[in-house]
Amino acid sequence: MSCQTQLLSASEAALGEDFLSALSTDLDNWALFLDIDGTLLDLAETPDAVAVPPSLPASLDHLSKKLGGALALVTGRGLDYADQLFSPANFPIAGLHGAERRDPDGRVHKAAETADFERLKAELVAATASWAGVLIEDKGAAVAAHYRLAPDRQLELEQLMEWALYRAGPDWAIQHGKMVVEIRPARANKGDAVAAFLGQPPFAGRRAIAIGDDVTDEAMFRTVNRLGGLSIRIGPPVPASEALGSIPSAEALRGIIAALALLNI
């Protein structure tokens, strides 16, 4: 029975944790794609408040080497910010849900920032200046409105972002996440970013494992499932999710990564 069949037929989707532990016997045939917030790192009240456990960058770097470099971060964060989080380790990254990407060979692809979009971001900051707890995050070619500290503002903020999307035009799309609404380039999604990596060495020819925690990760779940890979969600199983398995928490995933990184294989 294949690992994928086991995940699909298991009564407890938490079998994903056992599967990742089994990677140690077949690292040469897998590629690993990891979301950051809520997946590698615990969610925080604001984007800048996330804490990176001191040992995590080195654990990821060791695991990447065991995978022959076939480990990439796929995140809503921008490339530069993601690099700061895991410095001095350096990985292929798809940022802004795929609007930015650094290939394994170091080439960087970025969406263009326009003057009109810069003005729109400034208007969003001004419109929410008196909304205590609401945070507008400038991501360059994307903008996110966070309401984790102001949940009562959700409806108003969603309406404001729909207005902003109309102003931005057809080249942009709205993305909902955990206590956040984001406007990003319409052509960008995590599924396409994973597919692009899988067309390049060292990812090419390997089966993909995608791990995420949010609706923003569903696109990469669908992509890896379609390609015969495995999708794993952080948190309790959710019937509406495309994920084939689950791991209870970001802390549990970090423990698995640390264990894999330490194996003498």
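Glycine is treated like the rest: Cβ placed from N, Cα and C.
Around D35 (active site, nucleophile), the same-chain residues at least 6 positions away in sequence with a Cβ under 8 Å from its Cβ are L73, V74, T75, K190, I211, G212, D213, D214, T216, D217. Per Swiss-Prot, active site, nucleophile is recorded for D35, and the stated evidence type is similarity to another entry.
Among the features that Swiss-Prot reports, substrate binding site is placed at D35, I36, D37, with the record citing similarity to another entry.
The annotation Mg(2+) binding site is assigned in Swiss-Prot to D35, D37, D213.
Non-local neighbourhood of D37 (substrate binding site): L43, P47, V50, T75, G76, R77, D213, each in the same chain, at least six residues away, with C-beta under 8 Å from its C-beta.
In this view, I36 (substrate binding site) is surrounded by 23 other Cβ atoms within 10 Å of its Cβ, with every protein chain counted. Close to the recorded Mg(2+) site, the chain also has I36, G38, T39, L40, L41, L43, T75, G212, D214, T216, D217, I234, A250: residues not among D35, D37, D213 whose Cβ is within 8 Å of the site's Cβ mean position.
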